[in-house]
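Engineer: Supplied in structure tokens, the structure appears directly below.
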Amino acid sequence: MSEAKSGPEYASFFAVMGASAAMVFSALGAAYGTAKSGTGIAAMSVMRPEMIMKSIIPVVMAGIIAIYGLVVAVLIANSLNDGISLYRSFLQLGAGLSVGLSGLAAGFAIGIVGDAGVRGTAQQPRLFVGMILILIFAEVLGLYGLIVALILSTK
């Protein structure tokens, strides 16, 4: 009888896995994006040290991806209670996977574009605007996952 109202005992496991997936996958994407872009900045700064601050944009954008995962992980963690239903728990898992995996993909895209863009901008400064536009499109991938995760986690 109590399972119909509150769900099985193991239901909270899936919600916790959603919070973990949100944080872990988005942090992996952000770390990769930061490392890959940072490598490009380090290589570029040997020849053009005056461009370091201008080239830091990909690193900042990669860091924002981790914030998306943190927001969803906190929302999921705050909604946990003893009697969570299995339906709600699977919604939380879906929300975590949504923001986490889209953050992972966005982080990879930001890292690759940031590395190549920073190195290219050092040789041809007119490439900067193109790099920023591509970075924005890569960042939006993570934002799409955040929007879906917010919809799922607040259902």
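Here the Cβ of each residue, glycine as well, is placed from N, Cα and C on the backbone.
Note that the structure is a prediction, hence the values are computed from the model and not measured.
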Engineer: Would Swiss-Prot have Ser6 on the same side of the membrane as Gly38?
Structural biologist: no
Engineer: Can you tell me which parts of the same chain pack against the transmembrane segment (93-114), counting only residues 6+ beyond its ends and a CB-CB cutoff under 8 A?
Structural biologist: 14-15, 17-26, 28-37, 40, 57-59, 61-62, 65-66, 68-69, 72-73, 75-76, 131, 134-135, 138-142, 144-146, 148-150, 152-153
